[in-house]
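Read the structure below first, then the notes.
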Amino acid sequence: MKKLIPILEKIPEVELPVKEITFKEKLKWTGIVLVLYFIMGCIDVYTAGAQIPAIFEFWQTITASRIGTLITLGIGPIVTAGIIMQLLVGSGIIQMDLSIPENRALFQGCQKLLSIIMCFVEAVLFVGAGAFGILTPLLAFLVIIQIAFGSIILIYLDEIVSKYGIGSGIGLFIAAGVSQTIFVGALGPEGYLWKFLNSLIQGVPNIEYIAPIIGTIIVFLMVVYAECMRVEIPLAHGRIKGAVGKYPIKFVYVSNIPVILAAALFANIQLWGLALYRMGIPILGHYEGGRAVDGIAYYLSTPYGLSSVISDPIHAIVYMIAMIITCVMFGIFWVETTGLDPKSMAKRIGSLGMAIKGFRKSEKAIEHRLKRYIPPLTVMSSAFVGFLATIANFIGALGGGTGVLLTVSIVYRMYEQLLREKVSELHPAIAKLLNK
């Protein structure tokens with residue numbers, strides 16, 4: 001991978017801020033990027049007036065995209081590149097110690113290069129899968145260039161948010177897209193709330209209209225409750241006698257990352273399956289009306305709503321098992337490749353002069369203690385978010401069960417970061433501690 005360094009150095013990047021970014025500036029940059037994202041979602045791609053198959057509606061929820069516009073691919077290329085790199089490193093095909101800062105920077109650079117390549121690969125797949133109807137070779141080329149270029153812009157908008165804003169661009173785009181879907185679905189002119197009230201006035205209340213809203217609220221409460229659960233490890237300062245503290249480890253240790261990666265993987269399987277089917281190679285399944293009807297693609301497609309679950313319970317069970325296993329796998333890979341493993345966390349705690357209360361001061365002792373919590377929490381939290389996302393899909397929550405889960409989790413994390421940013425600005429001493 002080191003042979004790619006000359007190429008990586010030539011890829012444009014958003015420079016790191018030369019000075020500390022204030023809270024107001026972070027809000028400003030986050031707002032600017034959000035506005036640009038919505039503007040791009042309103043700019044139609046030339047010749048993109050064809051009917052969109054139902055499969056691409058699922059792609060929109062997971063990848064924060066809007067088919068037929070500049071953000072047709074959404075964050076798909078970014079997430080797909082992340083999946084590929086995670087699998088390559090996690091499986092040992094690429095030998096790389098990501099605890100070394102230089103290796104981690106190289107890993108991120110290669111992931112960015114792969115993201116740009118995937119912009120063009122997925123653009124070709126979309127056109128080949130018939131997302132824009134039947135096009136002449138010239139028009140197909142123009143559409144590919146437009147949607148690939150739009151996705152490359154999103155890559156750099158994600159960088160801007162990561163370096164100058166609050167949270168990450170990926171999370172921001174998903175939350176924005178799903179929130180819009182929930183608002184329109186519940187309170188729009190044809191929203192479920194008005195339909196339910198109308199049926200109530202007519203004396204024949206229809207529970208089907210209010211069920212998606214109730215499902216969304218249930219998912220919201222469950223995610224917030226899970227985000228508040230944590231394990232606290234008592235710490236003692238090695239130099240200041242009597243100084244104690246606590247190191248909190250959240251139950252949802254890996255956040256929503258496993259669900260994002262798993263859902264994106266399943267969406268890519270649908271996309272590849274449809275493209276191959278149109279080429280006469282139905283190895284992933286056959287399709288009717290843009291939806292898989294058999295094969296791997298069918299069993300990894302989302303059964304949305306209770307009616308779908310009841311009509312084919314085997315499909316629902318296989319999908320749930322696959323989602324949970326995939327989330328656990330990506331959760332483990334994510335912890336190992338992002339420095340959240342016990343060894344890396346022990347180094348961070350040790351560098352602050354802290355030690356586990358009641359144990360001798362050494363990174364090995366801290367690591368041994370953390371191994372009792374981090375690996376089990378990684379597996380349990382990954383399985384939990386996978387299970388919850390699946391149940392939310394089965395209930396038929398607005399914005400898609402997976403989308404609601406991701407949005408609530410993302411917004412909650414952004415809320416926590418906003419509080420930290422505000423406290424840091426008011427109390428500089430606390431800022432130093434939080435940064436460490």
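Glycine is treated like the rest: Cβ placed from N, Cα and C.
Residues or ranges marked as intramembrane segment in Swiss-Prot: 56-63 (among others).
Residues of the same chain lying 6 or more positions beyond the ends of the intramembrane segment (64-69) and with a Cβ under 8 Å from any Cβ of it are 37, 40-45, 48-49, 52, 56, 75-76, 131-132, 150, 170, 173-174, 176-178. The intramembrane segment annotation in Swiss-Prot covers 64-69 (among others).
For the intramembrane segment (70-88), the list of distant contacts is 37, 40-41, 43, 45, 48, 59-60, 63-64, 94, 107, 110-112, 114-119, 121-123, 126, 131, 146-151, 153-155, 158, 169-170, 173-174, 177, 260-261, 264-265, 267-268, 330, 333-334, 337: same-chain residues at least six beyond its ends, Cβ to Cβ under 8 Å. According to Swiss-Prot, the intramembrane segment annotation covers 70-88 (among others).
Under the heading site 'Pore ring', Swiss-Prot lists Ile75 (among others). When Cβ atoms from all protein chains are considered, those within 10 Å of Ile75 (site 'Pore ring') total 29, not counting its own.
Swiss-Prot lists Val79 (among others) with the feature site 'Pore ring'. Counting only same-chain residues at least 6 apart in sequence, those with a Cβ under 8 Å from the Cβ of Val79 (site 'Pore ring') are Thr63, Ile170, Ile260, Leu261, Ala264. Val79 (site 'Pore ring') carries a helical DSSP state (H, G or I).
Within 10 Å of the C-beta of Ile174 (site 'Pore ring') we count 26 further C-beta atoms, all protein chains included. Annotation note: Ile174 (site 'Pore ring') sits in a helical segment as assigned by DSSP. Positions annotated as site 'Pore ring' by Swiss-Prot: Ile174 (among others).
For Ser179 (site 'Pore ring'), the number of other Cβ atoms no farther than 10 Å from its own Cβ, over all displayed protein chains, is 16. For Ser179 (among others), the entry in Swiss-Prot reads site 'Pore ring'.
According to Swiss-Prot, the site 'Pore ring' annotation covers Ile260 (among others). Using a 10 Å radius centred on the Cβ of Ile260 (site 'Pore ring') and all shown protein chains, the other Cβ atoms total 29.
Residues or ranges marked as site 'Pore ring' by Swiss-Prot: Leu406 (among others). DSSP assigns Leu406 (site 'Pore ring') to a helix in the three-state reduction. In sequence order, Gly171, Ile174, Ala175, Val178, Asn256, Val259, Ile260, Ala389 are the residues near Leu406 (site 'Pore ring'), counting only same-chain partners six or more apart with C-beta under 8 A.
Taken from Swiss-Prot, the feature topological domain 'Extracellular' covers 47-55 (among others).
Annotation comment: Swiss-Prot describes 130-140 (among others) as topological domain 'Extracellular'.
Annotated topological domain 'Extracellular' per Swiss-Prot: 192-209 (among others), in sequence order. Listed by sequence, the residues of this chain that lie at least six past the ends of the topological domain 'Extracellular' (192-209) yet keep a Cβ under 8 A from its Cβ atoms are 185-186, 398.
According to Swiss-Prot, the feature topological domain 'Extracellular' maps to 278-312 (among others).
What Swiss-Prot records for 29-46 (among others) is transmembrane segment.
The transmembrane segment annotation in Swiss-Prot covers 56-88 (among others).
As annotated by Swiss-Prot, transmembrane segment applies to 111-129 (among others). Residues 4, 7-8, 11, 13, 72-73, 76-78, 80-82, 84-85, 135, 140, 143-145, 147-149, 151-152, 155, 271-272, 274-275, 278-279 of the same chain lie 6 or more positions beyond the ends of the transmembrane segment (111-129) yet place their CB under 8 Å from a CB of it.
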Separation of alpha carbons, Ile75 (site 'Pore ring') and Ser179 (site 'Pore ring') (Å): 16
Recorded stretches the transmembrane segment (210-227) and the transmembrane segment (399-412) touching, at least 3 CB pairs under 8 Å: yes
Range from 29-46, 141-161, 256-277, 313-331 with most C-beta pairs under 8 A to the transmembrane segment (399-412): 256-277
DSSP-assigned states of the topological domain 'Extracellular' (192-209) in counts, ordered helix, strand, coil: 13 helix, 0 strand, 5 coil
Helix-strand-coil residue split for the topological domain 'Extracellular' (278-312), DSSP-based: 12 helix, 4 strand, 19 coil
